[in-house]
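See structure below.
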Amino acid sequence: MRGIIKGVSNDGLGVLGEVLVPFAYPGDVVEVISTRERFGRTIARDFKLVKSSPIRVPGKCRYFGRCGGCLWQGLKYREQLKLKEEIFKRVTGVEAEIKGSPRIWFFRNISNFIVTVNGIGFKEFGMPRTVVSVDECPVFSERTKLYIRAMKRFLRETGLNPWNWKNGDVHYLQVREGKFTGEVMINVIAHIPPSGREELTEAFGFADSVYWSLKRDKRDDPKGIPTLIKGNEFIRESIEGLVYLIHPSTFFQTNSYALPILLKAVESFAEGSKVLDLYSGVGTFSLYLAKKGFEVTGVEVNEESVRVAKKSAEVNSLDVSFIPGRAEDAKLKGYETLIVDPPRKGLKDFSKRIAKEGPENLIYVSCNPSKFVLDYRNYLSKAYKIEDAVLIDMFPHTPHVEAVVKLRRR
């Protein structure tokens, strides 16, 4: 099957009739050699690029086209931004201007390298049990080779076994960087208690913080119970004059360079003086708004995130109230602005209560537009209307985008 890619799917695959083609862009002429069925869709397994689209550029990474991390790396950056606007409008019906990332290379502050018998790296696109072994990653860090080399040294000196998809000792190497502080956190995620402490601290002697996280299940994700092996409990990131503390058990926005744009977008949509920040995490929005003079209450179910948020407030000498608990149980009365930044699944039924009890001004932050629009159409639209929206490209070279939507009571 040969033809011209006419557009992209909502998840960023090139569209050729009924076939979806990864790493293909509008204007490309491709020949599909073989396909596979996945979740009711036909996806090209093997294809040839017959003629390049004028919006195509060479990938910067030598693993591009195999590694599943950067689907759009072969697309001019301004075209990436245009497509993200188009997809958002197609999914939500809302027109929103996108703000690009100040940096599109070496911008990620976290990377999870899977450690396997077949190498250390990332999963191949569409092949969850095939690993692309890497020694560089131009969207993460210029020091990737250093991190991979240190991990290999540690495995070699201890004789610990990498993951083989059924069992093994070490499963993931998670690395976090403070892009504006230069600090580094290493987190080895393993199926055994801390082992080879001396070898670990020597191999990663350059790190400011070294953790070992015990993984008690065999799910293929970088999660475990962390134990500090060496160095500082936290690393720091500096954003807009604020110090954010980062811990292995907590989430932090992955693009430190675009984060100020996201923070300013939320601030520009906030009204009044009293703000309720639900799903507040480590206080990303709460701390920034408090610095800007708002009276902020953050609610977060992850108690470790609450602990880190409180410590960050102390470090920054800010008066912010962080409450541990489910966002769904929070009291919504008495605030002029409500911020919600739910997980990818969205608000679901909680949006019904927000529609009934929420304040005049609602700010919905979402990395999953399809879930936002469900929440809006099912419940929020009965009480709120969309007043403004902006997109922030926190994820260059991928189809993903962060949306900030301002809603006002009807």
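Using the three backbone atoms N, Cα and C, a Cβ is placed for every residue, glycine included.
Taken from Swiss-Prot, the feature active site, nucleophile applies to Cys367, supported by sequence analysis. Under the three-state DSSP scheme, Cys367 (active site, nucleophile) falls in the coil class.
Taken from Swiss-Prot, the feature [4Fe-4S] cluster binding site applies to Cys61, Cys67, Cys70, Cys137, supported by similarity to another entry. For the recorded site, Cys70 ([4Fe-4S] cluster binding site), the DSSP three-state label reads coil. The Cβ of Cys70 ([4Fe-4S] cluster binding site) has Gly59, Cys61, Phe64, Val139, His397, Thr398 as same-chain neighbours under 8 Å, each 6 or more residues away in sequence.
Positions annotated as S-adenosyl-L-methionine binding site by Swiss-Prot: Gln253, Tyr279, Glu300, Asp341. All protein chains shown were included, and the count of other CB atoms within 10 Å of the CB of Asp341 (S-adenosyl-L-methionine binding site) stands at 22.
Its Cβ taken as reference, Cys367 (active site, nucleophile) is surrounded by 18 other Cβ atoms within 10 Å in the chains shown. Looking only at the binding-site residues Cys61, Cys137, the densest Cβ neighbourhood within 10 Å occurs at Cys137. Put simply, Asp341 is the one of the binding-site residues Cys67, Cys137, Tyr279, Glu300, Asp341 whose Cα lies nearest to the Cα of Cys367 (active site, nucleophile).
Each residue contributes its Cα atom, and for Asp341 (S-adenosyl-L-methionine binding site) and Cys137 ([4Fe-4S] cluster binding site) these two points are 29 Å apart.
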